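Lifted from TrEMBL, the feature list:
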- 17-38: transmembrane segment (TRANSMEM)
- 44-63: transmembrane segment (TRANSMEM)
- 89-107: transmembrane segment (TRANSMEM)
- 163-185: transmembrane segment (TRANSMEM)
- 197-216: transmembrane segment (TRANSMEM)
- 228-245: transmembrane segment (TRANSMEM)
- 266-287: transmembrane segment (TRANSMEM)
């Protein structure tokens, strides 16, 4: 593929910011290709195209990380430092796709927007409905949490843990399969920011819209950063062990080292999700 000839895994690991450019280009191309080929399924198909375009690069990144880890294992406590470049790669991919979806959602006409982002719209509506039920503001609340932070924590942590499990399994089975799941979450967040951009730009101009989107983004950071890091770390764990297994290293001593490192990664991932869920639960309960 063209991107692999322009940016190798070595280039991406050396300069993770390249992934921002790659994500924007692949994300934009995927949206338009999906819309013009299968408009009825374009909201999901676009993410599938993004995954198809980026999996080869991400798998090569995981393979390089696995080789480095097997050759020069480090202390478990230094995991974040040793794998920081891969975390950066995932982070720039996520940011690039969020920006891409926010821009195209705000730039497209209403009829195109309703087709191309239909599934993201449904997901946001479901999240809003669930939050109303849990806060007790719905007509028929399911199990209202109200101002009880531990109730919110249980709901949020359970949901985030299921996403983490899916991220690890997708990476393990498909190498870099978590690209699809992380890409989907980025697309939903991008549409959410695009909505704010449109709403405030209509009343106060483009600068007001950009300011509103930036304000919402900053509001998501306290709990969003540990949650997203947790997903990234889980994806790396699944990808590294997948690369080791695909090279048939289960008969070698390296698999023990890699397995120990993966266990530490998963511990970090769960701890990050715990922290993110706790912060989000406290914020939500205090805001009601």
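The backbone N, Cα and C atoms fix where each Cβ goes, glycine too.
From a predicted model like this one, the values you see are computed outputs, not experimental measurements.
Taking every listed stretch (17-38, 44-63, 89-107, 163-185, 228-245) in turn, the largest tally of C-beta pairs under 8 A with the transmembrane segment (266-287) is reached by 228-245.
Remote same-chain residues near the transmembrane segment (163-185) are listed as 47-48, 50-51, 54-55, 58-59, 61-62, 90, 93-94, 97, 230-232, 234-239, 241-243, 246, 266, 269-270, 273 (criterion: CB distance under 8 Å, separation of at least six residues from the stretch ends).
Sequence-distant contacts of the transmembrane segment (89-107), counting only residues of its own chain at least 6 positions beyond either end whose CB sits under 8 Å from a CB of the stretch, comprise 12-13, 16-24, 27-28, 31, 50, 54, 58, 61, 113, 116-117, 120, 179, 182-183, 185-187, 189-191, 193-195, 197-198, 201, 209, 213, 228, 232, 235-236.
Long-range contacts of the transmembrane segment (44-63) within its own chain (CB-CB distance under 8 A, at least 6 residues past either end) are made by residues 1, 3-4, 7-9, 12-13, 22-23, 26-27, 29-31, 33-35, 37-38, 86, 89, 93, 97, 116, 119, 171, 174-177, 179-180, 183-184, 187, 236, 239-240, 242-243, 247.
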